[in-house]
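Q: Encoded as structure tokens, here's the structure I'll be asking about.
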Amino acid sequence: MMVSRLLKNYSLYFAWLTALIATLGSLYLSLVRHIPVCDLCWYQRVCIYPLTILLGIAAYRTDRGVVKYALPLVVLGFLFSVYQYLQQMIPGFAPINLCGSTSPHCSEIHWEIFGFITLPFLGMLATLIMSFFLIMAFYSLDKRLAN
């Protein structure tokens, strides 16, 4: 009961924290560790980076209405992550030619642990976590309006 109340009351903060960690992590890996960024990675970043600002402001203002704007970005980022992960993990997966000649190929694995955790996998995980917290925020909004 206490965990449920904690999740409902602070779900926007947890979603914002997840977006912040994902943003800072991707910036660290590209700017400090110099891991090359492919086009699909950029598309994922376009979906995640604005969430850091949107969710931060919404959490500060306790504006749960942001869910209807943030969730589509999260879902789109998830789809880009899944597509890139499939390109990396399934040999012969026919990629759509989104990658330009100057950027690294999207199917290249530049960082991997345990044989299956790659950067797109972490992107999928972050978007799933954000989706969970945003859905919790949405349902707590419905209950508050009903009371």
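In case you wondered, yes, glycine gets a Cβ from its N, Cα and C as well.
As annotated in Swiss-Prot:
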TRANSMEM  9-28  transmembrane segment
DISULFID  C38-C41  disulfide bond
TRANSMEM  43-62  transmembrane segment
TRANSMEM  69-86  transmembrane segment
DISULFID  C99-C106  disulfide bond
TRANSMEM  115-139  transmembrane segment
Q: Since the record lists C38, C41 as disulfide-bonded residues, which of them has the fewest other Cβ atoms within 10 Å of its Cβ?
A: C38
Q: According to DSSP, which kind of secondary structure is C38 (disulfide bond) found in, if we only use helix, strand and coil?
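A: SS state of C38 (disulfide bond) = coil.
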Q: Among 9-28, 43-62, 115-139, which stretch has the most Cβ pairs under 8 Å to the transmembrane segment (69-86)?
A: 115-139
Q: For the transmembrane segment (43-62), find every same-chain residue at least 6 residues outside the stretch whose CB is under 8 Å from a CB in it, and list them.
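A: Cβ under 8 Å, 6 or more out: 12-13, 15-16, 19-20, 22-23, 26, 37, 69-70, 73-74, 76-77, 80-81, 84, 98, 120, 123, 126-127, 130.
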